[in-house]
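Colleague: Pasting the feature list from TrEMBL:
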- Asp75: active site, proton acceptor (ACT_SITE)
- Ser14, His15, Asn16, Ala17, Gly18, Lys19, Ser76, Phe161, Gly162, Tyr163, Asp164, Lys184, His189, Arg190: substrate binding site (BINDING)
- Glu46, Asp75: Mg(2+) binding site (BINDING)
Amino acid sequence: MTRRFDGSELVLASHNAGKLREISALLEPFGITVTSAADHGLEEPEETEDTFAGNARIKAHFAAKSTGLPALSDDSGIEVDGLGGAPGVYTADWAETPNGRDFMQAMTRTWNELEAANAPEPRTARFVCTLCLAWPDGTDEVFRGEAPGRVVWPPRGDQGFGYDPMFLRDGQTQTFGEMPYAEKEPLSHRSDAFAKLVKGCFGG
Ligand SMILES: O=c1nc[nH]c2c1ncn2[C@H]1C[C@H](O)[C@@H](COP(=O)(O)OP(=O)(O)OP(=O)(O)O)O1
Ligand SMILES: [Mg+2]
């Protein structure tokens, strides 16, 4: 049995501005009061698991326990087939530099490694999003969404965040980086996972 969400307030257990924007937009129609981890002064817990679900659980349970409120986390990344699924759960790590995250560097590394491996074209890939809704009593529900596509070079567009400029979703001619959010939303791994969350926990 899936536990239903029957509260009126939810903490978004993320420190990523792009995700916060997108998940807040998805939650908008439900009339729930949404606050973020930063609003509650929460630290970022260490993401020590090697699966999206494992790290999503760490983030959601940490926020739920710390605030006493239900918390929704998002662990996501891009799996590139020609790289054996890398960077996958390590997508954010590939962007880390001594001066903060640099996704241009991460995208360049991704393309260079595909070139070095002489990977065939199209260079298929998928965005993955795992959402975890956790309650302060330690229960949770986890939902996984995907967006199938390919990576392209050079990156195109300055909208969205992270790897969006090099991701061309199946059936599209514009990268996620070239799309206004309203166009990316119905096509994204995040909305795919969110639809499952709504079906399971919001009864909609
Ligand atoms: O729609 C997306 N469009 C482009 N790039 C994306 C997307 N979704 C995830 N990504 C990439 C960037 C992100 O940094 C990484 C996830 O890493 P991940 O640890 O789950 O998130 P994060 O550290 O940025 O924020 P937080 O853990 O506080 O939720 O994958
Ligand atoms: Mg993270």
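Just so it is clear, glycine is given a Cβ too, placed from its N, Cα and C backbone atoms.
Distances, neighbours, how buried they are, the whole picture for these features please.
Modeller: Cβ neighbours of Asp75 (active site, proton acceptor) (same chain, under 8 Å, six or more residues apart in sequence): Glu47, Phe52, Ala53, Asn55, Ala56, Lys59, Val89, Cys129, Thr130, Cys132.
Using a 10 Å radius centred on the Cβ of Gly162 (substrate binding site) and all shown protein chains, the other Cβ atoms total 23. In the three-state DSSP reading, Gly162 (substrate binding site) counts as coil.
Look at Asp75 (active site, proton acceptor): DSSP puts it in a strand.
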Colleague: What is the Cβ neighbour count of Asn16 (substrate binding site) at a 10 Å cut-off, with all protein chains included?
Modeller: 19
Colleague: May I ask which residues of the same chain, at least 6 positions away in sequence, place their Cβ under 8 angstroms from the Cβ of His189 (substrate binding site)?
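Modeller: Within the chain, His189 (substrate binding site) has Cβ neighbours under 8 Å at Ser76, Arg126, Phe127, Val128, Cys129, Gly145, Glu146, Ala147.
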Colleague: Rounded to the nearest Å, what's the C-alpha distance separating Asn16 (substrate binding site) and Glu46 (Mg(2+) binding site)? Just drop the number here, would you?
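Modeller: So the alpha carbons of Asn16 (substrate binding site) and Glu46 (Mg(2+) binding site) sit roughly 14 Å from each other.
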Colleague: What is the separation, in Å, between the Cα atoms of Gly162 (substrate binding site) and Glu46 (Mg(2+) binding site)?
Modeller: 20
Colleague: Could you state the CA-to-CA distance between Ser14 (substrate binding site) and Glu46 (Mg(2+) binding site) to the nearest Å?
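Modeller: Ser14 (substrate binding site) and Glu46 (Mg(2+) binding site) have their Cα atoms 12 Å apart.
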